[in-house]
Amino acid sequence: MTGTGGPVDTFSVWDYVVFAGVILAAAGIGLFQAIRGRKETSSAEFLLGGRQMTAVPVAMSLTASFMSGITVIGTPAEAYQFGAAFWLFGFSYAIMSAITAEVFVPVFYRLGITSAYEYLELRFSRPIRIIGTSMYIVQTALYTGLVIYAPALALNQITGLNLWGVLVATGAVCIVYCTLGGLKAVIWTDVMQMVIMLAGFVAVIARGAVIQGGLTNIWEDARKGGRLEAFDFDPDPLKRHTFWTIVIGGSVMWTSIYSINQSQVQRYISCKTLGHAKMSLYVNMVGLWLTVSLAVFSGLTMFSIYKNCDPLSNGDVSTPDQLLPYLVMDILAAYPGIPGLFVAAAYSGTLSTVSSSINALVAVTVEDFILPVFKNLTEKQVYWMNMGLSKFHSILTITSLCTVFCFQAALSIFGMISGPLLGLYLLGMLFRTPNSIGGLVGMIIGLVLTLWVGIGAQIYPPTAEKTNPLPLTTAGCAHNTTQAPWTTPVTLTPQPDFRPALADSWYSLSYVYFALLGTLTTIVSGLLVSSITGGCKQEKINPDLLVKMSDLICFSWCSKSEESDATEKDAGQFHMEVDNPAFADFDTSKNVEMGTKL
């Protein structure tokens, strides 16, 4: 009987058919884009879709890129264990979208860059660009390995889907459509995968509503179980999720993901006008709201079904990541093909994130490491290099899988590394005085602090008093595998025998604040060190590298603004202008000078 514990069914033939259909459809989009654009062999076409993409598909791709398999199976488990507080990230998404669209997009767009880290060389120095790119590659490798392995392991243990079969299929499909189709294939595949992810959530909620007698009963069960008490205004920065940690810390964390992460930047600068680029972020905001709302309500549906028999405490599953796959096989196995749809949804999230990461890794490898050294490569040589690097990064990603972390660790990775990088970009865009010495020292100090607190938090996890897991019970389990039923909160990870003094203070800082810590530390340290080392000569800074007042004015939807006309005309010629001695007076002479000092 549903919701009473015990083993569940595994995949049927129809489930495999639906799952395989998604894989083939993703590969087919890559082949279609390759055939459609076989005459276009430019690097801009491969990496940026010829800079002719429109707002809506780019927006859906932006949403799908970081709505990974971890999100599909992790967010419902988060709501099941900790309640609906995660939904407050909707406020963070709104703040992030406005900051990214009105501050970062205009700067990147008018510079006509391909790699987000080109900005670091233009504003600071070549060494800082290399460091920034290297930090991104490390971060992406860690996160992508986690994105592939964690959902695959969870699905394997519950559905019986072969673990290594999933991993090899991921690599094969990504090689096909990333290598052959480029960014256009990635974006249009993301659109399909976004629809499938949302359909998976809807299937879970709809079936749960039928079992529980309607959405109203699900909502009432969640209320009685304390899952709807989301607005905690406690200012304590050590509490895992409060209104302040999510809205303030979450806004900075998601801004660091969307504003400077190559996977995201590469999408909105592929838009054909500045208006489309900005609009893509606002439409993406709505997509994020819809996705997180469905994911959280899926978790509340799961709680309503298992309110009297927690599968985790009952021993039916071993990790929180297995909760939603377990629910799916419990309530949907009677409908052949529907569990396959859900697994396809989780797998689609994985594919969208991995393909985005691979495409971005190719871009930064070519733009930041290869082209600055080999300047005489032809357009065709660069194109074939892009295709070769797509294969290389696909294979490397599959063969360098990470160990399984919890859902929290996925976001912590971004906070620890992207926070200091965001601080460096804001230092360059908002202030005229910072020089490359101040920027480098500030970023290093910020990175050391975030790695210190982040790694410490993984070794010495915060106690239940700070994480606040909500009570669960096994009293209603018909197949009770424990000695006696109990009501207990679920802890995230086992606590080590020894806890140093910092474990309950510094290491207990909410993971959502990691990015804020790194950003503020980098900005403050960078300004201080720059002032000590003489600052930056203002007359040598290209004004296009700074945020202008005109950038902050909300746009109106129209044809093409005067600025976007100019940007489109000059896109792809920016590097030629940098080599021009007149343009170098603004910036490159400073870069050489500061790079020598470093």
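Indices start at 1 and increase along the chain as displayed.
Just so it is clear, glycine is given a Cβ too, placed from its N, Cα and C backbone atoms.
Feature annotation (TrEMBL): of 55-74, 355-374, the stretch labelled transmembrane segment is 55-74.
Counting C-beta pairs under 8 angstroms (sequence separation of 6 or more), the transmembrane segment (16-35) reaches the transmembrane segment (326-347) with 3 or more such pairs.
Outside the transmembrane segment (86-109), and at least 6 residues removed from its termini, the chain residues within Cβ reach (under 8 Å) are 75, 78-79, 116, 119, 230-231, 241, 243, 246-247, 250-251, 253-255, 257-260, 265, 268-269, 274, 277-278, 281-282, 284-285, 288-289, 292-293, 296, 425, 429, 544-548, 550-554, 563-564, 567. With a threshold of 8 Å between CB atoms, the same-chain residues lying at least 6 positions outside the transmembrane segment (511-532) that come near it are 237, 240-241, 245-246, 248-250, 252-253, 255-256, 408, 411-412, 414-416, 418-420, 422-424, 426-427, 431, 433-435, 437-439, 441-443, 445-447, 449-450, 453-454, 457. Under the criterion of 3 or more C-beta pairs below 8 Å, with sequence separation of 6 or more, the transmembrane segment (55-74) and the transmembrane segment (439-460) do not qualify as touching, having fewer than 3 such pairs.
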